[in-house]
């Protein structure tokens, strides 16, 4: 880690290392005022070793605002911001405020007034048509950027970042998709850059010549007809000439159809965008998006693709990532898995952000893992996500913990979740939990089937004085008539590799498990990455043919869902891309379809009042799960300290299981 942990500068700002916590919308400031929740969240990340923390977005006015956003539009916010700056700086990190104006991405229901934009082009995010900005109003917004920057400086912040990416207001002026103006702010690229340049000039005048200014740009908008990396380089060169001290390079707009930070994006996939900018400018460049490990961060720096590394969700997952890596213990880092369940999905639902893998995220002000005053001997039944997390936290608090696991491996449904394409990061979480338990002295006994008798015997012998049931759930077989001789298997068995499907497959159930199973099977017979790379390098096939070979597998797949819509239980930040993949792989999806019978010749279904047979050689069931709580019921009243966690209570998402297990463990 010779480069990652070396000191570096952005303008006059000296940083202790090259790890930058890039801005995240957290929703921790419901009234715009800095809260203790926000302060403790960032204090912990600063203490964990980050070199720079970028807070944001911070609203420069109310018309371009978002819910729960920290505000910089009035002097009354300065005292709270000063408390935040003091807290971060006291831990050795520096702090920067990101100046935010959403433009057409703002929602009138939140701001109380129509959104504004360079041109009245409807927003795909809000469904609203913004009001076209007058030149007078443009001047007001430019002034608001400057005033907000001045307030950040007055509050003791070490610099400011101007957001010119993600499809927000400056992006909207830059793009020909959203800027149809005929005045000096519209037309060719030079004219469309005018607004952004005016913002930078006004901010520079407000804060002085030696105050650091960063601009966050889209290395590629990933919007057909908008900016590519070529235009981004021209804009960044103009930013450098205007006095900007660093460029923070991210990916596309929020409405792009190219995934940006979901789990299926390969780690470091967009570092090439930062490298393109770095070749065009001489000021420092920050690489972002799915850079989740210190080793990857160091490799990007060693290859000369960037000068700094942006990590946001990685530091939400583990605030101590820098310190653990610097001390030579990267294996102890709790991994961000790119699931988006607690972060981006919560933003879309206008909820405060949390984290699937880190139940403490956003709760730093209220939680403190203190040693227990009464160390116990705890038996946990089941080494799934909930059982492992409970064991980890209980052991941290000083309990002696043993896990009985019936199978030959830990992880439970994390292993199933990792099976579909682009989902392997769930295995990183499994590895972390198993290793953390091992390091804390938790004993996992495999091939150990728990019964009421052997549990009670172990308790009576004094081996354990507390029992936690984490037996999870099992898949449901619905009460559908099934003709003898038909191949009917469970989706869980397909995901686990225990059952093989034929060539003409019907999946009953179009929720998350059904969709994931379909995507796994749809890749059967498609080009693998190594072959694709070889054929591309040799120019052996046309791009069109390579694309066909990449998406066209050897199986015919149909997904049936009784309700309206496919994948309705998948988070909004991920669902759209998974549905797009189903379409790409030509998976046939039928919703509002009831399965009546499963016969040798196929599946009898009813759709829109009409019955028909859908031919199939394999039927896969993905219709939900049921809690396995028989042990808990059998032990009630017989074990003094008995509790139940995770899916054993009620089937739930992994995040809910982990958080509930954590909450239970801190009670012990």
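Easy rule for this one: first residue shown is 1, then count along the chain.
Glycine is no exception: its Cβ is also placed from the backbone N, Cα and C atoms.
Not measured: the values here are computed from a predicted model.
Other Cβ atoms within 10 Å of the Cβ of residue 313 (FMN binding site) number 26 in total over all chains. Among the features that Swiss-Prot reports, FMN binding site is placed at 23, 24, 25, 57, 98, 216, 290, 312, 313, with the record citing similarity to another entry.
Annotated [4Fe-4S] cluster binding site per Swiss-Prot: 336, 339, 343, 355, in sequence order, evidence recorded as similarity to another entry. The Cβ neighbour count for residue 339 ([4Fe-4S] cluster binding site), using a 10 Å radius and every protein chain shown, is 27.
Under a cutoff of 8 A between CB atoms, and with a sequence separation of 6+ in the same chain, the neighbours of residue 413 (FAD binding site) are 384, 385, 472, 647, 654. Here Swiss-Prot flags 341, 386, 405, 413, 423, 450 as FAD binding site.
Just so you know, the Cβ of residue 341 (FAD binding site) picks up 20 other Cβ atoms within 10 Å once every protein chain is counted. Annotated [4Fe-4S] cluster site 336, 339, 343, 355; additional same-chain residues within 8 Å of its Cβ mean position, judged by their own Cβ, are 313, 316, 317, 337, 338, 340, 341, 342, 356, 357, 358.
Between the binding-site residues 336, 355, the minimum number of other C-beta atoms within 10 Å of a residue's C-beta occurs at 355. Residue 290 (FMN binding site) has 336 nearby among the binding-site residues 336, 339, 343, 386, 405, counting only those with a Cα within 10 angstroms of its own Cα.
Across 341, 386, 405, 413, 423, 450, which the record gives as binding FAD, the greatest C-alpha separation is 32 Å. In this view, the densest Cβ surroundings among the binding-site residues 343, 386 belong to 386, judged by other Cβ atoms lying within 10 Å.
According to DSSP, residue 98 (FMN binding site) is assigned to a strand segment. Of the candidate binding-site residues, 339, 341, 343, 355, 423, the one lying closest to residue 25 (FMN binding site) when CA atoms are compared is 343. In the three-state DSSP classification, residue 23 (FMN binding site) falls within coil.
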